[in-house]
Amino acid sequence: MDEESLAAALQTYRAQLEQVDLTLRAVTDPTQLEDLTQLHTDLQQLIELTESSLLSIQKCNLLTSLEGNPSLPFHEDPISLPALEVPTSLSSQDKEYEAFRMAISEESQPLGSNDETSTCSKGSEEEEEEEEEEEDNTSGMKVKAPYYSTWGTLEYHNAMVVGSEQMEDGEAGVRVLYLYPTHKAMKPCPFFLDGKCLFNDNCRFSHGQVVSVTELQPFKEADLGSLAVDSPCLAQHNDGIWYPARITDIESGFYTVKFDSLLLKESVLEADSIIPPLRGSDSSSSSSSDEEEDGAAEDSVYAKVLGQEIAGTTCSSEFGGWEAHTRGIGSKLLVRMGYEFGKGLGRNAEGRVEPIQAVVLPKGKSLDQCMEIQQRKKAGGKHKHKTSKRRPKASGQGGGAKARDIFDFLNEKLEGKFTSACTAETQKTGEKKGKELYNASKDSKRALSVQVAITAEKIKQKQREICHLKESLARNAGRESVISNQLEVRLSGARKELAGLQQEERSLQREQKKADTHKKMTEF
């Protein structure tokens with residue numbers, strides 16, 4: 001609406017308000033009185049709104065007239081302007097309008113006297129307007145900005161530009177807020193954009209990060225089509241941070257995800273709360289040069305994710321075989337951290353998978369002395385091997401020098417076969433018995449220890465039972481003989497069982513000691 005129509009409407013509303021006031025004075029019915037009061041209030045509000053609209057239009061007309069006629073003397077009577085007619089009855093809005101017009105005329109008077117200053121101010125205003133336009137153009141733009149974490153890694157995240165700033169070295173930069181924060185330090189502060197944050201630089205949330213314009217990359221939309229069941233992703237938690245997770249189920253646009261962290265529960269999310277992981281595989285990159293450069297940049301930032309086709313370091317022995325003698329906590333921790341059995345550690349799975357043999361070195365010796373001892377042992381082993389070959393010759397020569405008679409000849413002929421057979425049989429049985437003892441001590445050492453512990457526990461229980469029976473006999477002394485006889489019978493039986501258990505314990509201990517002694521004598 002224009003100024004004239006608003007002025008006419010304002011007069012009409014005022015006339016209606018006067019009629020309502022007259023009616024309110026004459027009406028006595030409470031129902032009509034309530035309706036008229038509500039109408040009176042509505043008309044007052046409508047008049048206030050119309051006056052404010054009329055005042056704003058008058059201000060705009062005044063400013064446009066000043067811009068269109070800069071040579072107009074501002075000290076003249078403003079009422080002489082044809083487009084600005086002021087009503088005869090001045091209200092509060094009219095007074096405000098008059099004050100505004102006078103202030104504009106006072107501020108604009110120096111401009112007519114000095115043209116050079118006006119041109120300079122116009123030039124500066126134009127530059128400021130251009131800068132504001134550029135800032136408006138960049139503000140709200142979505143880009144891919146770098147993020148330097150506290151532990152020194154460089155990651156590229158999707159972000160939004162909130163303003164242009166200058167870097168410390170004078171280079172052009174922008175302030176960005178990250179759209180998918182993966183850490184608390186990246187999460188935008190909810191009070192920063194409103195200017196109500198009281199912590200400033202000490203805020204634990206992000207007030208935006210200033211990055212160089214040259215480091216920005218084109219924005220990439222999240223491709224939800226690549227997400228499937230059992231594929232990794234980034235999912236938004238209740239705290240607004242995006243955590244790594246894995247999709248377990250997809251049903252009618254809802255994704256059931258299980259977070260990698262054990263502290264976070266499984267949740268069902270919509271498509272806007274889930275994105276593919278930032279560390280995409282190399283196969284997803286297209287053949288265009290720009291995307292290849294982006295892929296190369298991402299590969300330089302992140303470690304490669306090894307696929308199934310990359311062959312790891314082969315292991316000649318069974319991996320983790322040594323854990324048969326332990327609880328296997330090492331492999332469990334490695335599996336929790338994503339390790340795959342049979343592959344080495346490292347970027348290309350080139351790590352060692354063969355276990356390192358433990359070498360026990362003598363105490364109190366330096367490494368040089370240990371190396372000398374090992375070399376002596378090697379040299380001594382060779383020397384012993386040579387001397388052992390020479391020993392039979394010396395024994396043969398010594399045996400040949402002994403004098404022999406007819407009886408030795410006969411004994412050798414008649415008893416030689418029998419004695420040789422007996423000695424061979426005894427040697428075999430001895431070896432067999434020794435092996436059985438060794439194997440038994442090796443395989444059943446734990447079983448023997450368990451059996452000894454069980455027997456000792458039974459002995460303690462039987463001893464407690466005997467103590468209770470003795471106390472019962474002491475209490476029943478001098479009473480009925482039947483109860484005393486039964487207690488004595490039970491006590492004697494318990495003592496026999498205790499003796500048998502003690503004998504069994506001693507035999508088990510002897511077997512255990514025998515196995516330990518045999519092991520000490522056979523293993524060097």
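For all residues, glycine too, the Cβ spot is worked out from N, Cα and C.
Model, not experiment: these values are computed from the prediction.
In Swiss-Prot, the annotation region 'Disordered' applies to 500-524, one of the ranges 75-99, 500-524. Within the same chain, residues 145, 147, 150, 157, 162-163, 165, 167, 173-178, 240-241 sit at least 6 positions outside the zinc finger (184-210) and bring their C-beta atoms closer than 8 Å to a C-beta of that stretch.
DSSP assignment over the domain 'G-patch' (326-372) gives 14 helix, 0 strand, 33 coil. Summarised by DSSP class, the composition of the zinc finger (184-210) is 6 helix, 4 strand, 17 coil.
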